[in-house]
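As given in TrEMBL:
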- A:9-190: domain 'Thiamine phosphate synthase/TenI' (DOMAIN)
- A:71, A:110, A:139: 4-amino-2-methyl-5-(diphosphooxymethyl)pyrimidine binding site (BINDING)
- A:72, A:91: Mg(2+) binding site (BINDING)
């Protein structure tokens, strides 16, 4: 089993949205504001660049006790000694990923709705990313928005920790938490914010107040 | 160390070129014609589809004693228990890949010219893919064509096995072998051929006759 991890405020990076401020500066500000978990996501980047980015993030986050999750690439996660991997439905199967990751890394899986949950191999999965909650501009291949009701529907099916994702902002976060999510994952609400630290703080407060 | 492998005629698959005939049928014909090594290359495919393709190819090739190499994705290679990985200069570093692959899988590295060879970390590398020998339509990000003279220039720098790649056809293969390559890698010369088995046979004969 992985060490305990905290899904309260899960930052997912976007290479275009962080370009102006820089990846490390954005993540650092988000963590200062209260982000509890960070996912490196850059579907267009090649393996070597991803490993370099992951190592830089790991050096920033490990001393702060914030786990680093890598989107999709299990090989990159192991090479950079990241804390885990987040898989979409088109990525390596969870059992294949778990065999490569060993027992102690965190393994997350995206689930778009109850039917997708029911069809998923959940062996070795530590948490679920459920969404998109609302329409999102940052992920072209995201499925149909499921709303807080969709989060509640998946919540009713599983005891795994759940993080809601997809177009979530501070005003929407309480509804997602009340639907049973253990936390919220955001991309643009932090990466595109004028002040990522303040944005993270507002999100964190919204989540904790709604519990 | 990996078991001995034979670079004589190295088929690299292309998803568009094999689409009409099918990946497995194309590879099967190529092997019947004399291909000695097969690389699964599909840069647009997601991890799960790659693992499925790799497992199907492995089931075809393992009984024939033909090694299966996976382009880029070390995680896919390990998940599918393929025989090795081929890395470009933008992919995971060879040392990182070797750590994931263990000592017995084959590790290949693309080298575009003598300068790139000199700048490369070759730890754990078992063979080099050198090219493009001529201009190629199947790889958009390939570097400048280096000709047989470029292959000879890299040959002079290393004792690693070398396979020439990039726009090679049967009439060009002898020149590449005489430049010091141990074999030729081809994409369209087999994948786009009306008869992949006959195309492989002609290439194999051209290589062996030039030795």
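The backbone N, Cα and C atoms fix where each Cβ goes, glycine too.
Everything TrEMBL records as a feature, shown here on the structure.
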| residue | record | contacts (Cβ under 8 Å, 6+ apart) |
| --- | --- | --- |
| A:71 | 4-amino-2-methyl-5-(diphosphooxymethyl)pyrimidine binding site | A:12, A:39, A:40, A:41, A:42, A:43, A:85, A:86, A:88 |
| A:72 | Mg(2+) binding site | A:41, A:43, A:85, A:86, A:87, A:88, A:91 |
| A:110 | 4-amino-2-methyl-5-(diphosphooxymethyl)pyrimidine binding site | A:86, A:87, A:88, A:89, A:128, A:129, A:130, A:131, A:165 |
| A:139 | 4-amino-2-methyl-5-(diphosphooxymethyl)pyrimidine binding site | A:132, A:166, A:187 |
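Within 8 Å of the Cβ centroid of the 4-amino-2-methyl-5-(diphosphooxymethyl)pyrimidine site, not counting the listed residues A:71, A:110, A:139, the chain contributes A:12, A:41, A:72, A:86, A:88, A:129, A:142, A:165. Residue pairs drawn from A:71, A:110, A:139, the listed 4-amino-2-methyl-5-(diphosphooxymethyl)pyrimidine binders, are separated by up to 13 Å at the Cα level.
Taken residue by residue with DSSP, residue A:91 (Mg(2+) binding site) is part of neither helix nor strand, so it is coil. Proximity to chain B (CB-CB distance below 8 Å) holds for none of the binding-site residues A:71, A:110, A:139.
Its own atom aside, the Cβ of residue A:91 (Mg(2+) binding site) has 24 Cβ atoms within 10 angstroms in the protein chains shown.
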